[in-house]
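Here is what TrEMBL says about this protein:
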type	residues	note
DOMAIN	313-353	domain 'UBA'
REGION	290-311	region 'Disordered'
TRANSMEM	20-38	transmembrane segment
TRANSMEM	93-111	transmembrane segment
TRANSMEM	123-142	transmembrane segment
TRANSMEM	177-195	transmembrane segment
Amino acid sequence: MMFTSTGSWGLYKAPLSKSLLLLPTILAVLLTVLLPQYQDLFIYNLQAVRQGKQLWRLVSGRLICLDLKDTFCSSLLIYNFRIFERRFGSHKFASFLFGAWILSAFVDLLLTEALRFMFELQVDVLPAGLLGPVFALFVPFYNTIPRVQVTQLLGHVSITNKSLTYIVGAQLLTSSAYMWIVACSGLIAGMLYYSNKLAVQKYLRVPEWVARCGSVLLEPVFSDSEPTAEAPLGMGATLDIQRQQRMDMLDQQLLLSQLAHFRRNAQQQQAQQTGLLNWNRFFPTLRHRGQNRHQEGPQPQQPPYTHPPDNTAVVEEQVARLMEMGFSRMDAQEALRASNNDINIATNFLLQH
């Protein structure tokens, strides 16, 4: 399923994010309130994995949060990170979550073994839930989402559109004693997958047939209806949703202003190289002035100056990525030239036009 959404309302065009919000939350409430006797099956017990060879706990212990505060914070973060599903498509978003989930499991084991070997700190149980991929999403969030200042606190502390997300992440980080281990493993897994230094994206990805099956199953159930153009700003159910809508609009405005800035810089560079004005048309040289005194009859008019064509080279790999999102090759090339080959700005520009 390709990324074709242009809206920023709720969970439109984000069925995977919506399913990750609803299903784990419902299961966490059931295990906490109605079925507490089954919680032992979902405890992330590393001692049972090492000594009891209960490898299935690496799966069951890393799916459902057994603490409702962790469930609430991780749900808020997934809701804020839904922008990546819209930007990259549900298939690539699912591949990132799957790759980070696998990598963070290995990093959890390595970190706990390193703590035991270096500091004699025995860590047997870690916080349960889909926490590794959630912390891993902070890596693309830090690298790709622009920072827009909203206000200043006490005249010195800058409050941006990203501050709320970082505050929720800090709250989740301090919710338990060993949450920092899960956070570190998630961040390391996110950096490994995002940078693709070890070519992990080639191997740790959701197969195409699984993505198609998931699209058939999830879209009818978890897809929101398309928002109307008449929907005004601030119609969210809560103040947080209204604030998120405003932040999304500020994000889009910043990207468009950056694109215009890149275009102006490109035009100024070309003007410096070729000269934007032909000054000889206004101030002819002395040689031409002398000739004009004795020359009779009308002079041939100089042809108007034409702006040189934009020959900025584009990266074919980025053109291919934009074409995978559903844009034409000509539009992709034009957007990349205008944004100086910045794939994020080009993507948002194409979505706005």
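Glycine is treated like the rest: Cβ placed from N, Cα and C.
The domain 'UBA' (313-353): residue composition by secondary structure is 29 helix, 0 strand, 12 coil, according to DSSP. Outside the transmembrane segment (20-38) by six or more residues, the chain places 11, 63-66, 68, 71, 74-75, 78-79, 129-130, 222 with a CB less than 8 A from a CB of the stretch. If you look at the transmembrane segment (177-195), the same-chain residues 6 or more away from its ends with a CB under 8 A from one of its CBs are 96, 99-104, 107-108, 111-112, 115, 123, 125-127, 131-140, 143, 201, 204.
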